[in-house]
Amino acid sequence: MKSKRKIKKKIIFLILTMATGVVYKLPYIQDVFYVSIQESLNLSHTQLGNILSMAGLFSTFGFLLSIYFIDRISKRILIPCALIGVGFTGIYLYTLPSYYGLMFIWVLFALFSDMVYWAVLVKSVNELGNDDEQGRIFGFFEAGRGLFDTLIVFIALSIFSIYGSIKYVILFYSITCILMGVLAFILLDKDEKVNAKENKKKMSFPIEVIKVKEVWLISGNIFCAYAIYCGLTYMMPFLQNTFGIGVVVIGIYGTVNQYGIKMMAGPLGGYLADKKFKSTSRYFCFCFKLIIIANIIMILLAKSKISIIVGFVFVIVFSILVNSMKALLFAPMQEAGISEELSGAAISLSSFIGYSPLIFCYSLYGNILDKFNGLLGYRILFLILIVFGIIGLIINKKLREITVTNKLNEDKKVS
């Protein structure tokens, strides 16, 4: 019986990993094929930016709206629906429609991939392990996702090099999404049926979850960690603009960061959180402390020959810490004692608050670097990251205190 349960968990884990590696390829196709998408769709930088901003707005509020169905509809319905929805929307994109048609497409991408898919994905991964396995589960999930993601991108690049048209890449992504949706529907288990009484109870979860202080602390933790993650985007230009490091070296670092550090950081962080620190909130405290110290050092250092070496080490260490934190953002849910029936609503609310830095951080950081040229701009950026680090550290210390108190109270009840 136990072996069957283990096999079932492994199948679910594999399906979730593969599905996540596929579902975001079309909504974020510009990450790899920016120029090709721009030219094929005849878009200016501003027009493409407007489309992505509109999608970001719908994504943010989609996270909040998912509270109302994540605990009421089975993952066997939601995950295939999201994948197939993205796939058929991609087929519409294949026709290369007008500007407003593209705006509509990216809104659909946001609704399917973020509102429908994201929260149920996190909830499903969360359910695969108990509270002392969450770090490793989320860590290895992030690594597996990165591996499958890389495989899909390399196939897409091969298709583009053979046919020389972005349309065939769009078609490949679309068909892969639809097939993955069908496979998910076949292999994923049905959730327990929700009767009318239970359904009525679950409608109250959005109000119930607002009353849980641990959810607000986890939301704040995600917010701080993601605001710092947004800063990671500017680390490569920091090396290039401040220290004059060559484009080739920067390119090598970018490749190592994209395909090496991201896949390694998740499992490493998960292992340390579960085995070394015995708590994801304690691991977050450790990461925030190192991020604060590292950024203080970079502010105080003068621009010199030694700073080039230190700068490169700083960026690599910063990337490892931030990517390991990103992989574990929702791991504290079980540790904090949030019930399984409330977990879906909690994930939706945490996603809405936690990912909101997407709305303002890139604009804030970019404006600072434009306004303050050279090293001064980056020092101000590092100062902002320190502030987020301090807030994150305080939040996790408080979360850890509450978690320990809750466990002591539970032990007293048992004894």
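In case you wondered, yes, glycine gets a Cβ from its N, Cα and C as well.
Whatever TrEMBL says is automated annotation, not expert-curated.
For the domain 'Major facilitator superfamily (MFS) profile' (11-404), the model's pLDDT averages out at 86. Look at TrEMBL and you will find 11-404 tagged as domain 'Major facilitator superfamily (MFS) profile'.
Per TrEMBL, the feature transmembrane segment maps to 12-30 (among others). Tertiary neighbourhood of the transmembrane segment (12-30): same-chain residues 37-38, 48, 52, 55, 79, 82-83, 86, 89-90, 93, 106, 109-110, 112-113, 117, 121, 124-125, 128, 137, 141, 144-149, 151-153, 156, 166, 169-170, 173-174, 176-177, 180-181, 183-184, 187-189, selected by CB-CB distance under 8 Å and a gap of 6+ residues from either end.
Annotation source TrEMBL lists transmembrane segment at 50-70 (among others). Counting only same-chain residues 6+ beyond the ends of the transmembrane segment (50-70), those with a CB under 8 A from a CB of the stretch are 27, 30, 43, 78, 102-103, 106-107, 109-111, 113-116, 118-120, 123, 203, 205-206, 209, 344-345, 347-349, 351-352, 355-356, 358-359.
Annotated transmembrane segment per TrEMBL: 77-94 (among others), in sequence order.
For the transmembrane segment (100-122), same-chain residues at least 6 beyond its ends with a Cβ under 8 Å from one of its own Cβ atoms are 16, 19-20, 23-24, 26-27, 41, 43, 50-52, 54-56, 58-59, 62-63, 65-66, 70, 75, 78-79, 81-83, 85-86, 89, 92-93, 330, 344, 347-348, 351. The transmembrane segment annotation in TrEMBL covers 100-122 (among others).
Here TrEMBL flags 143-164 (among others) as transmembrane segment.
Per TrEMBL, the feature transmembrane segment maps to 170-188 (among others).
Packing against the transmembrane segment (209-229) from elsewhere in the chain are residues 67, 281, 284, 288, 291, 322-323, 325-326, 329-330, 332-333, 336-338, 342, 345-346, 349-358, 361, 385, 388-389, 391-392, 395-396, 398-399, 402-403: each is 6 or more residues past its ends and has a CB under 8 Å from a CB in it. Look at TrEMBL and you will find 209-229 (among others) tagged as transmembrane segment.
Annotation comment: TrEMBL describes 235-256 (among others) as transmembrane segment.
Same-chain neighbours of the transmembrane segment (283-302): 135, 221, 224-225, 228, 269, 272-273, 276-277, 310-311, 314, 317-318, 321-322, 324-325, 328, 332, 378-379, 382-383, 385-386, 389-390, 392-393, 396-397, 400, counting only residues six or more beyond its ends whose CB sits under 8 Å from a CB of the stretch. The transmembrane segment annotation in TrEMBL covers 283-302 (among others).
Residues or ranges marked as transmembrane segment by TrEMBL: 308-330 (among others).
Residues annotated as transmembrane segment in TrEMBL: 342-365 (among others).
The transmembrane segment feature in TrEMBL is assigned to 377-395 (among others).
Within the chain carrying the transmembrane segment (342-365), a Cβ under 8 angstroms from the stretch's Cβ atoms is held by residues 56-57, 59-61, 63-67, 70-71, 118-120, 122-123, 126-127, 205-206, 208-210, 212, 215-216, 218-223, 225-227, 230-231, 233-234, 329-330, 333, 381, 384, all 6 or more beyond its ends. Among the stretches 143-164, 170-188, 308-330, 377-395, the one making the largest number of Cβ pairs under 8 Å with the transmembrane segment (77-94) is 170-188. Sequence-distant neighbours of the transmembrane segment (143-164) (same chain, 6+ residues past either end, Cβ-Cβ under 8 Å): 13-14, 17-18, 20-22, 25, 32-33, 36, 172-173, 176, 259, 262-264, 266-267, 327.
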